[in-house]
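J.: Encoded as structure tokens, here's the structure I'll be asking about.
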Amino acid sequence: MKIFAKEQIYHGDTLTTQRQNISSTDLMERAGTQIFNWLHMRMQGAQVPIHVFCGIGNNGGDGLVIARHLITHGYNVFTYVVNCSDKRSKDFLKNYDRIKNVTKDWPTLLSCKEDFPQIHHDDIIIDAVFGIGLNRAADDWVKALFQHFKNSKAFTLSVDMPSGLYADKVPEDENGVVWANHTISFASPKLVFFLPDTAKYTQQWEVIDIGLDPEFLMTTETEAELIGKYEVLPMYQPREKFAHKGTYGHGLMIGGSYGKIGSVVLSTRAALVSGAGLVTSYIPHCGYNILQTVLPEAMVLTDANEQLITNINFDIDPTVIGFGIGVGTDKKTVSAFEAFLKENKTPLVIDADGINILASKKTLLKLLPEETVLTPHPKELERLIGTWKDDFDKLKKVKAFVKKYNTVLVIKGANTITVFEDKLFVNTTGNPGLATAGSGDVLTGIITGLISQGYDAVIAAIFGVYLHGRSADIALEDFGYQSLIASHVIDYLGEAYIDLFKKPEQPQEQKENEEQQGPNEEMYI
């Protein structure tokens, strides 16, 4: 799913009005009506007090449309205009006039704290104060209004995005942002829904279709893309009937040190289970018996040193090499890695201490093959690119880094973002159960295994992140957040592959209706 930038959304609105020969007021009516339909379908006329707070711009106009439809359908509605400026958008004014025609109670004007209405925790708040056009912090009394929403504990539904939240930067004061339970976004989600600094402002979100120009939606290239099942399904490469193990490549995992051989076990096993034809582990000699015992499917090469990687030398021709898991940062290991990079031409996936070594000797970054995949956690990323002031600054620095060194960088987190060139691929799978030792080693193995099979490095990173998170989501049903461990992610990887081809289950109510009605003739057309 595309994630449109603010300027693109404005352009899409303009194109839609031109190509469909409608006014901007008509488009506002369409948007507000869709949100009313969403509410009406769920509330079915329930007489819960609904407080609709409207700004004086186009987001407020959307709110007035919603309020008007709620009133005409008999809901218990209280409408307010948040008078934060003397200016009014023309579409707001048109809808302000329209709402007067359906109620004797004009919208209440709010201009200070003394005007705030009482809100019960069982009420509903519709937040339509500010939209994507916001470019400055709210006034203090408006911030107090947003805190009034929060303190009421009433269910809060935000229109397009939580008021006070910018589309393209982090807010200065979290008290100046509405904390929404649910946000209904027009045409596409907003990037701020997925960043650590700003995702907290909406617990859930969904997108509704307001009929924007189809050509605009199809042809507009976006900087960010949301990655779910339907985005990764075309990436999947089915197995060939007459394939053999050599068809799916030979992955080499280099890593481990005394006390950290388990990380190589995890990454090697993940590479195998993800589908690599052959996988060899290159480890210190102390891990030989461990690997040979717990992973009979893997081959093992060892360093002459008992406890460290000190000399990377092998006589195989791997398709891809994963490096860094549990390897440590001993001077001998650093020297061995540097010597290896000077000679290596094989695609790389680098994680953990491999990234720490690169961060400590940045001249080594110039030795990386094109499209090397880097998978840092937040602290490793900071060592690599330096500190950042907020998430947008972080993305800016990552994009500059990726361009400079022609790498693929995976920003691991709750919504892991894969960055390549100017593109951001935002993952939708995964859960807090992945905050456990070894989950990053598993991801490194999965991505390495996919590249081994012939997947392009960028696709392998995007697809690998998706599979990693989806496997954890499936495993969660059996283990819960606290008891999920990295090995479970590998165990359920096959289920994650199978899940790609499962159709979504119908709601029980829909199933029962179809059974009562019998087969539909259209099913056979």
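For all residues, glycine too, the Cβ spot is worked out from N, Cα and C.
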J.: According to TrEMBL, N59, D127 bind K(+); which one of S23, S163, S185 is annotated to that same site?
T.: S163
J.: Figure out which of G386, G440, G445 sits with K412, G413, A414, N415, T416 in the AMP site per TrEMBL.
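T.: Of G386, G440, G445, G440 joins K412, G413, A414, N415, T416 in the AMP site that TrEMBL records.
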J.: Specify the secondary structure state of D127 (K(+) binding site) as given by DSSP, simplified to three classes.
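T.: SS state of D127 (K(+) binding site) = strand.
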J.: Given the recorded K(+) site (N59, D127, S163), which additional residues of the same chain have their Cβ within 8 Å of the Cβ centre, ordered by sequence?
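T.: Same chain, not in N59, D127, S163, Cβ within 8 Å: F53, G55, G60, G63, A128, V129, F130, G131, S158, V159, D160, M161, P162, G164, V178.
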J.: Enumerate same-chain residues with a sequence separation of six or more from N415 (AMP binding site) and a Cβ-Cβ distance below 8 A; give 'none' if the list is empty.
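T.: Result: F194, L195, A199, V426, N427, T428, G430.
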J.: Give the sequence-ordered set of same-chain residues, not counting K412, G413, A414, N415, T416, G440, with Cβ within 8 Å of the centre of the Cβ atoms defining the AMP site.
T.: I411, I417, N427, G430, L434, V465
J.: Report, in whole Å, the straight Cα-to-Cα distance of D127 (K(+) binding site) from L134 ((6S)-NADPHX binding site).
T.: 14
J.: If you measure K412 (AMP binding site) to D62 ((6S)-NADPHX binding site) at Cα, how many Å is it?
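T.: K412 (AMP binding site) and D62 ((6S)-NADPHX binding site) have their Cα atoms 36 Å apart.
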